[in-house]
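Single-structure report; data block below.
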Amino acid sequence: MTVAAAGTLGEFTEAGVFEAADVHVARRLTVLGKEPDESVALAVAFAVRALRGGSVCVDLRSVPTQVGLPDLPWPSPGGWLAAVRASPLVADPPVLRLHSDAAADLLYLDRYWREEQQVRDDVLALLAPSDTAPLPDLTRLFPDSEEQRRAAHVALTQPLTVLTGGPGTGKTTTVARLLALLAEQAALAGRPPLRIALAAPTGKAAARLLEAVLLEVGRLDQADRDRLPKLSASTLHRLLRSRPDNSSRFRHHRENRLPHDVIVVDETSMVSLTLMARLLEAVRPDSRLLLVGDPDQLASVEAGAVLADLVDGLGGRGDARIATLVTSWRFGETIGGLATAIRDGDADRVVEVLRAGGEHIAWLDTDDPGERLRTVLLPQALRLREAAILGNAAVALQTLDEHRLLCAHRRGPYGVQHWNRQVQRWLTDATGEAIWTDWYAGRPVLVTANDYGLGLYNGDTGVAIADGDGLSVAVGPQMFAASRLSEVDTMHAMTIHKSQGSQAEEVTVLLPPEESRLLTRELFYTAVTRARQRVRVVGSERAVRAAIGRRVVRASGLRQRLHG
């Protein structure tokens, strides 16, 4: 049943501040808690609204300024806080939690307060140096990089390591060689062979992690390879063993810990507060946890910005060490320089690099990209279709990974749905065949939900391949009947959020108009760094500068809690 918005909540809803769900939850909680004060209901609605935007709490002190609608009936700051503090909703057992200090007045729904406190406690418990085993020779596997040697030293001497760095800085190389050193350290101490888990938030990211680690392990000496167990990778949900009856609880937890000695999590920026809480409570106190990622990328779709909070919060402590890699080994001065300028917020430098262009960078400064994109997207779609009709899955998958069109939006003229339909129109015109059905040879697909029975994961990509009189779908080395795949989208284009954890040889980034609220520095940085060899930015200079100037700010108390 929908709860009508009336009174103060109604005025804020009519102004576009709240959605119906925000009001529904606020009304429901205040009724159940016998709280008649409209200002408390307003605070609850803002706490729920914050979760939709990725924040785990709302700062009641700054939210009027952030919303920017002074004519709305805002409570007086002092009176608002006093009403919340006096509310039965903060009594025991609390529905709300309010934390005030010199910087902010943070209001949480109780669940997120408890999860944040748990993450803080578990992280700090993993900081104390715990291994007195002799250190192996770090220069043997890291002869050329002092950064990587420092990172290895951190990981060999404390249970928790946060390893950060931008694209091409050698994070995966460091992980693979670090695993070899940990295995050597265990052997020198007379311990059994290590049990190692590799994990990532999505199946695609897990597959990339395993592929990159195995490639690097293959370059090690035979003795190092022999000490390592057979490596595999999984999603975090599969590692923790999801429960079908509860999406936020798992079979591994504080009373049934993970058996692994070393756990590596890649793409940690994509991990939400809730998932990080579930991971940390499942890690044995004597295990090593290595969290790897780039804190400048987009944060998780769900609430929290845990990696960025860990970097900022632990970076200010004397007893905690963040291992940061800054030297780029993969990118040249072009894509790497563009990514650095975006990350640093240097709009003039970004425009300068884009205008200079070159072998690895192109910029289409336009608000009407249709015909220019046709020359990029249609040839790839035709090659994809040709390989699929011939039944050549390997060539089709290789073609799929040659190029990605990345969009900020799902809908509208700059969105994924529009460009998927547009490419299908172009294919129809070019081939004379009506490519409008759900399934056709050469249809690129994106898996949108985990299917553990099939071994498919959210973020996996594939291509529909002609197979006799029907179609099969190639996803990596596996083939599936198209009829078995229901949770998939067409992927001539994909959102930048969905592209996290994957890369392509060439990437086209379609920027929306400058007024788009999705257009942020983190989004732009994430999109550009999906390219291995070449990036094409499509959008006006106004859009480029708007992206650089707009940052994602997620309210959280974790970094302050970690500071102590």
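For all residues, glycine too, the Cβ spot is worked out from N, Cα and C.
Caution: TrEMBL annotation is automatic and unverified by curators.
Residues or ranges marked as domain 'RecBCD enzyme subunit RecD N-terminal' in TrEMBL: 14-93.
In three-state terms derived from DSSP, GLY168 (ATP binding site) belongs to neither a helical nor a strand segment and is classed as coil. Among the features that TrEMBL reports, ATP binding site is placed at GLY165, GLY166, PRO167, GLY168, THR169, GLY170, LYS171, THR172.
Summarising the annotation, TrEMBL assigns domain 'UvrD-like helicase C-terminal' to 492-538.
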Among the binding-site residues listed here (GLY165, GLY166, GLY168, GLY170), identify the one with the smallest other-Cβ count within 10 Å.
GLY168
If you draw a 10 Å sphere on the Cβ of PRO167 (ATP binding site), how many other Cβ atoms land inside?
21
Considering the binding-site residues THR169, THR172, which residue's Cβ sits among the greatest number of other Cβ atoms within 10 Å?
THR169
Summarise the model confidence on the domain 'UvrD-like helicase C-terminal' (492-538) as a single mean pLDDT, whole number.
91
Can you give me the same-chain residues 6 or more apart in sequence from LYS171 (ATP binding site) with a CB-CB distance under 8 Å?
LEU163, THR164, GLY165, ASP266, VAL292, LEU325
